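What TrEMBL annotates here:
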- 28-426: domain 'Oligosaccharyl transferase STT3 N-terminal' (DOMAIN)
- 24-44: transmembrane segment (TRANSMEM)
- 91-111: transmembrane segment (TRANSMEM)
- 123-143: transmembrane segment (TRANSMEM)
- 149-167: transmembrane segment (TRANSMEM)
- 179-204: transmembrane segment (TRANSMEM)
- 210-233: transmembrane segment (TRANSMEM)
- 245-264: transmembrane segment (TRANSMEM)
- 276-294: transmembrane segment (TRANSMEM)
- 306-332: transmembrane segment (TRANSMEM)
- 369-387: transmembrane segment (TRANSMEM)
- 394-410: transmembrane segment (TRANSMEM)
- 416-435: transmembrane segment (TRANSMEM)
């Protein structure tokens, strides 16, 4: 007798996935959809009009990329462009950040190797949307590292559609920020990963991410000042560990040596006042490591306390004297006017009017925050609350990133772009933590209803559990749950 063919329901049952596999499938599907969404939302100008380069700086970048494609890297690196800054001319290799051009040419070479007949202009037009899609993946892993996978998914969705990032990553906006935000977020992610794991591989990855950021945009100064500030806060709060020592030392030494290969940067890492904070924290880390070794060797606590006071005082004095001599002799250059204007918003207007005359260097209006962040402006404080509630090395970093970038975004309107990833990540933490608390509460209520219908005696015990759960939540959590339920 012939066997009957299996029905569709039987086939579905045979392919039934476990819970973990279902979660992985849903997570990957959401990430793929977000990746596509981040790309297509930035193609509006191309679909409505045509594929073209916008504005002045992107067109100069396209011109240099075209020269790099036709003549090779060596000629590009030593190119004297007599048509720019006419009649003086311009030494292109020593006056720009080549990361954007090299990236576009590399993508172009790969596509041509795969037999795709594309022009370098089309690659330049679509470079920013492509890297915006890649930024969503980095935001997912960063949110997962800081909080959980739910926060990572929400962060990826938010950064894909946030106007503060879309404005600088649309198709045709072939500028440094198009690849720099990806490099910025990637460097921060792998550095936090290195601090959490103490892995030398992640530390090397952070150094190479920093090198790519230096090659792409002058905003790398934010990284080389925020990371030392973060390390200093961890040292002050007693969170020193070998994981932190390995992560920062490897990132700083290798990253500094790699960054010096960019002609536009050169020896600024050891001669510029903007980079002295990173060097000071590097030497401070060596002092902490030395003190940790001495503490392990000495058994007398009083003797170690005396040695600690002498060592710290001597280190601070030597560092202060070295910094003073370097600035007096002119070896260490002072901060630039743009850096001063970030710390003192009135500095540029009083001393360097040409910086204050640039429209994107103006202080940010409240309307700009509303248009660029929308609901994130209200989720941001809630996310800060949840981060402070569960402090760790990773959450301390995202809090510092969020607060410093929001301050700089208020001083200079173009820096809203730098603050956007931090605002998206912290807002994602607020959404994830609130929804998680809500689901816990709803599951407990469902259990109460089920036990109350089957067994009346057990209902009082379950309701008491719900009551104790509600009492354990803080006032802010209850308020957030009430808002979501409403």
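Cβ atoms here come from the backbone N, Cα and C positions, even for glycine.
Since the structure is predicted, the reported quantities are computational estimates derived from the model, not experimental observations.
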Predicted model, mean pLDDT over the domain 'Oligosaccharyl transferase STT3 N-terminal' (28-426):
88
Which of 91-111, 123-143, 210-233, 394-410, 416-435 contacts the transmembrane segment (24-44) most, counting Cβ pairs under 8 Å:
123-143
For the transmembrane segment (149-167), sequence-distant contacts whose Cβ falls under 8 Å of one of its Cβ atoms, 6 or more beyond its ends:
27, 30-31, 34, 37-38, 41-42, 132-133, 135-137, 139-143, 181, 371-374, 376, 416-417, 419-421, 423-425, 427-429, 431-433, 435-436
With a cut-off of 8 Å between Cβ atoms, can you find at least three pairs linking the transmembrane segment (394-410) to the transmembrane segment (179-204)? Only pairs 6 or more residues apart in sequence count.
yes
